[in-house]
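One structure below.
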Amino acid sequence: MLLFVEQVLNGLQLGVMLFLMASGLTLVFGIMGLINLAHGSLYMIGAYVAATVTLHTDSFLLGLAAALPAAALTGAIIERVVMARLYAREHLDQVLATFGLILFFNDLMVILWGRQPLFMNVPDALAGTVEVLPGAPYPVFRLVIIAVGLLVALGLWYLITRTRLGMRIRAGASDRETAGALGIDIALLYTGVFALGAMLAGLAGAMAGPILAVEAGMGESILILTFVVVVIGGIGSVRGALIGALLVGVVDTLGRAFLPDLLALVLDRATADGAGTSLSTMSVYILMAAVLVWRPKGLFPGHG
Amino acid sequence: MRAPGPLLEVEGLSKAFGGVTASDALSFTVMPGEVHALIGPNGAGKTTAVAQIAGELKPDDGRIRLDGREISHLPVHRRALLGLGRSFQITSVLPDFSVLDNVALAVQAHAGHSFRLIRNARRDARLRDPARAMLTRVGLAAVAGRAAGALSHGEKRKLELAMALAGHPRLLLLDEPMAGMGGEDSARMVEVLQGLKGTVAMLLVEHDMDVVFALADRITVLDGGRVLATGDPEAVRADPAVIAAYLGEEGVACQPC
Amino acid sequence: MAERAPLSPRVRLGLHLLGLLALALLPPLLTLIDEPFYVTLATRVLILALAAVSLDLILGYGGMVSFGHAAFVGVGGYVTGILAHHAFMGDPLMLFGLAVPGMNEALIVWPLAMAVSAVAALLIGVLSLRTGGIHFIMITLAFAQMLYYLLVSLQAYGGDDGLTLWGRNTVAGTDLLADRETFYYVCLGLLAVVVLAFRRLVDSRFGLVLQGARQNERRMRALGVPVTRYRLAAFTLAGAVAGLAGVLSVNQAEFVSPTLLHWTHSGELLVVVILGGMGTLVGPVLGAFVLMGLEEVLAGVTEHWRVILGPVLVLVVLYARAGLHGWVIGPRRHADADGEGAS
């Protein structure tokens, strides 16, 4: 039971990370119609900058404070230089160009930081554990990640549904021309939305730093999981991104933790371990397949 | 054999988008060989009705029968094979293919499955000859070799008609076949359609009242997703409800009437 | 790069034959200038080209942007690798209670590998083709990644590290394929056969339906064509041919690992098709040569050659979308009224 609670929390933590990634990806798709493979690169840049600054200053907060603008700025630059030319293009072109960006950024990181992964420590203030249930200690840092993720979700909801900027974003999403006629500077709005998504990816990367190894190519494994999230949640929907992300995070984590044991109830141990490990790596994809059969456009199709 | 009943029966068709009712218990019939016009102000639900009959939109409620057979749950392509030919409101051709290719594909679609992998379909007389004949019939024989995407708007409209006719449909669904056409093209299209009258039934959605009164045997007037009136052109023209809701208001009434 | 006017069918055919001749003369030429290593490189290019041509069928003609094509390459490769592994170990492969003996015989293994790849493509296709557009891209990528992780988790077959083979497959019991040049010609022959067969296929009724669905799916349905089943058939066929490329690749390297179906390889296949010119079948062969050549040259300049290749790719997408085929041979063929232009 305690193990179960711990694993659920781990799942939630992975889930909010995925949400930080998926919300940006899905906003950019919903509003600009752009599929951006290089979203994982922004995550990686966030992680590298946070790790480097933290290692030099001993302050995770400073690392975070540097990572967010770095990711947002990189996002704004690639939006202006590359993405803006891709909005009117086919998805295939977008895929190829952003694939090119991934190759570029991965090798750029190697040139700048070398092949050795960077490891950063959990900041001292958040290094301990708390008992979430009696006898179930859980790392504070991971709880903070969950809290940050949920706060961002709340903030995004507020931004999109309750503010003038959100209204503009929604206008831009539903009809480019009307939005233009309303006097909204579409180009600026798009750059802004893209930079926002980039910043969220950078935030996810920065927070992943103390948990994972910071290395070139780290963005891709989370990117593909993020695609699974977006497909499950429904492309263009921030609400879907949240539900999908938590679902994928929990299913993936619980599958890895418990599937081998569950299968051992019906199979012999060795087979169960083998099959359980294999199945658990596939669990989120099986989930995606099930959602596709049930609802081909995801749980929350369209915008919202 | 069945007694000559209606070719198309639409019964209690209903469809809502969010809170907006696009089709409200819609019922009407199209008799064999009849040209039946569906008219009504913008937003009356004409296009929604056509989309449900063609199978692109799933009705919330109601039934559609073609020649007595219920087709409400069949996918688009099955309905097409049962005899529903279609032209779209916005021209819809295969732009990279030649004009002849377009029609030949329509012939092919009705000639059984297309899992034939080896023989060159562009040299298959069983597809090309009927396609050429159809192009001659609609007056496009001269541009058979051109890419369909390069045709003028009027020519594309004709091509769409040729594609629909190539499958020997029993009912043509024509969604504003004159939309965007100039006067001359439009008149030519009316001629073509008049020539088809009697050989194939048509459900015609059209804004131009000249065209409607020139072609229609019967007219159904929609307003707010409901049937306001059905009858022959004279009766519909005289119907006070129609005049109030549609003809009078839009000021179109004055033209031929 | 400006598009040129299309060349006449005769000239095109001539160019294609000339290209084939050049490829056929390549090994003796390389031996002559004492660079036999390049025969191996050229073989790898041909195998990449084969996978890319199979992708071109569904991408260029069918309009299906599959970002998971390397998965089928990998499946074909693993069937070869696993059967060879069991042949070497002498224990049968147990599959749902069925004992499959390990084997090395190409005449059995190759068709079998293609069939397994086809089944994988069929299953993934059934699910992915429920959607289109951007969904399709993400879903094919995700399923390919699923297979990748599945193979990584198979410790019995080396997991991450993969399997090393003890030699290439035999052909009717002979070790014909062990010879570098023979293997090159086998790859070239298979590539030529596939290109010619696809050439016919795209002009057949099946091919026209496939292309029609790319141009206007709604219209095709309204004409009475059940679009999805033709797409699925093409997707499955492309998967089988990709599987063959995997078989050849594993035979060439005498090694198989999950890297074969890494998602970057799916991306690379897309790049090859676009670089060469999609919807041309011959273009991807050109694209394979150019990409591999570019990689060789750049890798000679810097270890971090992707930092150059990436932006080159972006520039190609932004400014040279017709691909090499469009640049050298003219834009993709427009339908001639009666198909006289088949080349």
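Cβ atoms are placed via backbone N, Cα and C, with glycine included.
The transmembrane segment feature in TrEMBL is assigned to A:12-39 (among others). Non-local neighbours of the transmembrane segment (A:12-39) in the same chain are 78, 83, 86-87, 91, 94-95, 98-99, 101-102, 105, 142, 145-146, 148-150, 152-153, 156, 169, 172-173, 190, 193-194, 196-201, 203-204, 207-208, 219, 222-223, 225-227, 229-230, 233, 235-238, 240-242, 244-250, 252-253, 303; each lies 6+ residues outside the stretch with a CB under 8 Å from one of its CB atoms.
What TrEMBL lists as transmembrane segment is A:59-83 (among others).
Proximity of distant same-chain residues to the transmembrane segment (A:95-114), defined by a Cβ-Cβ separation under 8 Å and at least 6 residues beyond the stretch ends, is recorded for 35-38, 40-41, 44-45, 48, 52, 78, 82, 86, 216-217, 219-220. Here TrEMBL flags A:95-114 (among others) as transmembrane segment.
Within its own chain, the transmembrane segment (A:140-160) has Cβ neighbours under 8 Å at 9-10, 12-13, 15-17, 19-20, 23, 122-123, 126-130, 132, 166, 169-170, 200, 203, 207, 210-211, 238-239, 242, counting only residues six or more beyond its boundaries. Here TrEMBL flags A:140-160 (among others) as transmembrane segment.
The feature transmembrane segment is assigned by TrEMBL to A:181-205 (among others). When Cβ-Cβ distances below 8 Å are used as the criterion, the transmembrane segment (A:181-205) is approached by residues 17, 20-21, 23-25, 27-28, 31-32, 39-40, 42-50, 64, 67-76, 79-80, 83-84, 87, 148, 152, 168-169, 171-172, 218-219, 222 of the same chain, each at least six residues removed from its ends.
Annotated transmembrane segment per TrEMBL: A:211-233 (among others), in sequence order.
Proximity of distant same-chain residues to the transmembrane segment (A:240-259), defined by a Cβ-Cβ separation under 8 Å and at least 6 residues beyond the stretch ends, is recorded for 3-4, 7-8, 10-19, 22-23, 25-26, 153, 225, 228-234, 276-277, 279-281, 283-284, 287, 298-301, 304. The feature transmembrane segment is assigned by TrEMBL to A:240-259 (among others).
Marked as transmembrane segment by TrEMBL: A:274-294 (among others). Listed by sequence, the residues of this chain that lie at least six past the ends of the transmembrane segment (A:274-294) yet keep a Cβ under 8 A from its Cβ atoms are 225, 228, 231-232, 247-248, 251-252, 255-256, 259-264, 267.
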